[in-house]
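Asker: Here it is, the structure, as structure tokens.
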Amino acid sequence: MYVDHILENLRLLVMKRWRKLTGHLGWVFGPSLLGIVPLAERLGYATEQLAFYTGDTVGGLLNATFGNATELIISIYALKSGMTRVVQLSLLGSILSNMLLVLGCAFLCGGIVNHKKEQVFNKAAASVNSGLLLMAVMGILFPAVLHYTHTEVRVGKSELSLSRLSSCIMLVAYVAYLFFQLKSQRSLYVSVNEDESQNGNNSNDDESPDISKWETLIWLSVMTAWISILSEYLVGAMEGASMAWEIPVAFISVILLPLVGNAAEHASAIMFAMKDKLDISLGVAIGSSTQISMFVIPFCVVIGWIIGQPMDLNFQLFETAALFLTVIVVAFMLQEGTANYFKGLMLILCYLIVAASFYVHVDSSQ
């Protein structure tokens, strides 16, 4: 009799959870989230193959660009649905994930595999990226300060106007950075491995692409199209999944979505670090963070301006503080131009602190 009572209570609990799950479309969010993972990984593989035809600098830039296609597609769908806060949080999460988790795993795995020697990378290029990230923090910080100090000239309008102006300036700065990187000062971005190959000391000359350039472009197109389809379902079921799983939307947006979206960067950065190609790893991880902060976020603000969705750069105080501290920590890690497994471990532990903080954080804008 007692066993029957326990089984009946268990059955009622399962049925309650199932109705709650299906009623809020949580079952749609889970498969969509998992389905994007292999597609993002294949996207990273295709961009890696394309890097054989373009060189380390352009290859790292392309890897970061196509790797960010997932975040950009998800953001556009969310923006069209009026979910501007989800766009802010997911893009912020992508920056935090790339700078702490992706770079940390690359340093950790690369340091373990190449433990007999010190891994080095182009310190000058890393310093330029750190400067751009600090500029992005400045652009995001001032709208938040303006909001919380209540010093707007026009309440409710000055903050949005400043965000749009800052976004346009950040887009101009990123275009200038691309010209500086690819045309004006290409010698500054010569990687350590390319420099060694010019001196005849590179041991990786026997590597060759597995597929042709046109096959790579076809794969990129197909993977991007499938990701866009799954992203539409993912965004539509996000709030329902938050209610069904009893997880804050902020945690899903900042931690879970970027983990999926950064699968391509994660796999590529670790693989290149294990091959002692840290400049490409930094181009993927830090370059991706720079691209999101200086291009994707301002671009979304401008797109929102065009379609009538008032997205601004006020990411709220807690989120802005997390971004500022992350940029400072990573800038200190990169200033020596060397990497080891302990630096990677510290970055990963910092990411765990950030993830735990967002799990217990209540979004003040909701």
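Keep in mind that glycine also has a Cβ here, set from the backbone N, Cα and C atoms.
Caution: TrEMBL annotation is automatic and unverified by curators.
What TrEMBL records for this protein is below:
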- 21-40: transmembrane segment (TRANSMEM)
- 27-182: domain 'Sodium/calcium exchanger membrane region' (DOMAIN)
- 60-79: transmembrane segment (TRANSMEM)
- 91-113: transmembrane segment (TRANSMEM)
- 125-149: transmembrane segment (TRANSMEM)
- 161-180: transmembrane segment (TRANSMEM)
- 217-235: transmembrane segment (TRANSMEM)
- 217-358: domain 'Sodium/calcium exchanger membrane region' (DOMAIN)
- 247-264: transmembrane segment (TRANSMEM)
- 284-308: transmembrane segment (TRANSMEM)
- 315-335: transmembrane segment (TRANSMEM)
- 341-362: transmembrane segment (TRANSMEM)
Asker: If I count Cβ-Cβ pairs under 8 A between the transmembrane segment (161-180) and each of 91-113, 125-149, 315-335, 341-362, which range comes out on top?
Answerer: 125-149
Asker: Honestly, do the transmembrane segment (341-362) and the transmembrane segment (91-113) touch, with at least three Cβ pairs under 8 Å and pairs 6 or more apart in sequence?
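Answerer: The answer is yes, given that the two segments have at least 3 Cβ pairs within the 8 Å cut-off.
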Asker: Under an 8 Å Cβ to Cβ limit, what residues of the same chain, 6 or more beyond the ends of the transmembrane segment (315-335), are close to it?
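Answerer: For the transmembrane segment (315-335), the list is 88-89, 92, 95-96, 99-100, 103, 123, 126-127, 130, 133-134, 137, 140-141, 144, 148, 254, 282, 286, 343, 346-347, 350, 354, 357-358, 361, 363-365.
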Asker: Work out, from DSSP, the number of helix, strand and coil residues along the domain 'Sodium/calcium exchanger membrane region' (217-358).
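Answerer: Summed over the domain 'Sodium/calcium exchanger membrane region' (217-358), the classes give 119 helix, 2 strand, 21 coil.
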